[in-house]
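The next block holds one structure in the form of structure tokens; read it before the comments.
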Amino acid sequence: MPGFQTALANAAAGCDAAAARLAQVAQRLGDAAFQTPVDPELLAAERQIADAAAASAQQLRTDPGLLHAGRIVLHEGRTVPLIVPFGERGHLATSVDARVEGVANLVRTAILHAVGTREPGGLRVVGIDTATLGASFAPLRPLADAGVIEAVATDTRAAADAVALAEAQVAEHIAGRRTDRMLLVVASLSEAPRTLVERIDALARSGLAHGVTVLGCGLPELPQAAVMHAVDGPASQGRVAITNPPAAPFGRGERLAAPVDWPETPDPSFVAGEALRLAERAKAAATLTFADLIPAQPESGDPAKGLEVLIGRDAAGEVQLRFDDATPHWLVGGRTGGGKTVFLLDVLYGLASRYAPSDLALFLLDFKEGVSFTEFIPTDRDRSFIPHARAVGVESDREYGLAVLRTLSEEMTRRSTVMKNYGVASFAKLREHEAYPRIVCVADEFQVLLAGNDKVASEAVALLEELARKGRSYGVHLVLASQTISGIEALWAKQDSIFGQFSMRIALPGARTVLAANNDAAARISLGQVVVNTEGGTAGADRVARFPDTDSHVMHRLREQLGEAHKGVGAPRVFYGYRPVHLAEALPGERKPGRALLGREVSLRLDAAGADLDRRPGRHLAVLGSDPVGGEALEAAAESLAGNGTRVLAVDFTGNADLRAATDRVAPEAFAASLGEIPDGTVIAAWGLDAAALDMKAQQALRALLRTGPARGVHLLGWWRTFRRFTDDIGGSAGREDVACALVLNLPGGEIMGHFGPQFQHWSPRAGRALLIDRHADTGGGKLVVPFSRMEDQAAPGPQRSGGTPIERTRP
Ligand SMILES: Nc1ncnc2c1ncn2[C@@H]1O[C@H](COP(=O)(O)OP(=O)(O)OP(=O)(O)O)[C@@H](O)[C@H]1O
């Protein structure tokens, strides 16, 4: 732009000379001086300037180092743009704030110019507007929605945060961690404390070289700034006098000798259109696609020092998050529909594509209808899965979550022993000897695990604390996510020592309490954006990134690729909290002679649960409670035994049992009499024993059978729908040891603890779950199981007809 600059310099010199002459004349003649005819040379210079300015105008608009800050008023009604150094070349200040319309126009012009003349993402804008509560920025709303204007502070506290953001920008710039620029726009500051103004001055001093430009409206003392002074007085016509910009003075005097006007009020539709255009441009540039998250070279990451994953972009570029010593565990929050599922899928698919299944193991828990991890497991329609996933809980029980946490804790113990053997103290060093994978355990709606004061909650807290504290040394990482404030508070309330370990805070729109109390960054973002804060949520340490929506084709393709590359890796074990389980799905190895299978353990391995009917005293099973599932579990037990060659004698007092699996049947009315004649090696399966008419003699025969049966291979599997009748039948506490196994259904802990022990007082029955107690196998609180139920197409057979003879053979 040499033509324009030379013309401007000549004109400025001309102006200086004319101004000096004018001043002298004015001194002599007073107001009459202004009637003095204008020097024809000056008019000629002005014409030259105006022509050069018109020719260069387009070029000027694209230079981020120059700002069109108003109009220089010339003679003959001519004006030329007032161009001042800006951006990296200078700050700009005004003597009055944006309550003056011309200054508000300057604010908008400056922002649109600064954003528009840089590459998308090259400039962040932070605003302060306490006197008009943000009105100066209102027409630029799309830029705020797109995250280009990161914050507009409307009170003094927020103003201090905004200044802190700019200070952090300088610090990051000095440290070489950022190369983008920030424009701090102080549109108005009303009664700001002196210290805040001093901080802005300090920013102005160091900012030019270190990434911050200040537009300080109402701050005429701003260092390194050209200052536009509103000229007072009735004759001033709202004119402005501008001081020389320190970086590029207009001329020899202190000020530009010609009068200046504030920028004109632009057409509102132009401002709105520009803001929208720039916002769209910023969004398009800041948004990666889901496919962009998948590296070109899959599984090439080295997990020794940490795991790294690309999640999106912010103004400074790509945003990579890490699981490492600095950010070993993550806390994620956001309101319903805030994008938590999508964000977690971005992270987990990103990780799975970067690291091999031997380097990364995923444990995925979902405690409510929230995130569903079906994208990791085979489904009826799509058999592909993510081979990194080791265990997945969908709408998991708390006990399942606990089992996963226990497994991780045991894994840490195992690793610690190995590390001691090698004499190393970090996961990175361990990897030099053995290729242990890093483990990432995601618990969505984790607060469910901590709810209440029961044993599960207290054990979960203890385990979480241990994992949070020690996980980093052993390569075990937690991601706790919650949609509710109470979720995060639950963790806080339970153990603040856990909370403190989560230096990585991730806040999706509407998240509260994930960030520090005075950090409201999550309130200002919209869907598709995330606040990432690696300093425990501290205000001023946020990065606002845009993350992509998921893409089911890309996910499917990756699953197929991974499946192809890791053919030998089996599908993860999946616990579906809401699904019934069936004996028919038991694996061949799970069916063993003499083992009555009753359901599936709610545990990491989801093993088949049952009672072993061996020769030890007491090897009988009582199914207790009126829930009809008790009858179905007993059917499964009978079937599993009969399938392995055990002779099963069935008797049904309920009229609803499916006795097809039984080898023999006995009519209900013949049951009492048959008790004395049970052949050796027989299992009696009895449905609804509470309805059996047992006189004293029969009851005694029953007790004798219980006491002596196992030694000769005779076992009773009995379903009592009432607890009282069960204890009566076995002879109360005297017979306690005679029935060692029980499957407890809908009977509260308070009712059974007298018989089974105080450790069962916390048992609270729930649909589809039972408590398996084996007095010989464990002294703890029993095992939570999902009892086997009938398949849906397995219709209830209706009342069974009893035969005429006591023992009727139904199957050879
Ligand atoms: N980064 C994004 N870009 C575009 N759309 C998104 C993005 N993230 C989420 N969405 C959309 O927002 C909607 C809600 O997202 P998501 O299911 O992840 O929310 P959530 O917080 O898990 O909510 P909920 O638990 O209630 O399902 C979805 O339709 C999703 O496609």
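Using N, Cα and C of the backbone, Cβ positions are placed for all residues, glycine too.
Copied over from TrEMBL:
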- Gly334, Arg335, Thr336, Gly337, Gly338, Gly339, Lys340, Thr341: ATP binding site (BINDING)
- 316-517: domain 'FtsK' (DOMAIN)
- 789-812: region 'Disordered' (REGION)
| note | binding-site residues considered: Gly334, Gly337, Gly338, Gly339; fewest surrounding Cβ atoms within 10 Å belongs to Gly337
| task | Could you tell me which of these binding-site residues, Thr336, Thr341, has the greatest number of Cβ atoms within 10 Å of its own Cβ? | result | Thr341
| query | Within 10 Å of the Cβ of Lys340 (ATP binding site), how many other Cβ atoms can be counted across all chains shown? | reply | 25
| task | Determine which residues of this chain, when Gly334, Arg335, Thr336, Gly337, Gly338, Gly339, Lys340, Thr341 are set aside, have a Cβ within 8 Å of the centroid of the ATP site's Cβ atoms, and list them as they appear in the sequence. | result | Gln483, Leu508, Pro509, Gly510
| task | Determine the mean pLDDT over the domain 'FtsK' (316-517), rounding to the nearest whole number. | result | 89
| note | Taking Arg335, Thr336, Gly338, Lys340 as the binding-site residues, the residues having C-beta under 6 A from ligand 1 are Thr336, Gly338, Lys340
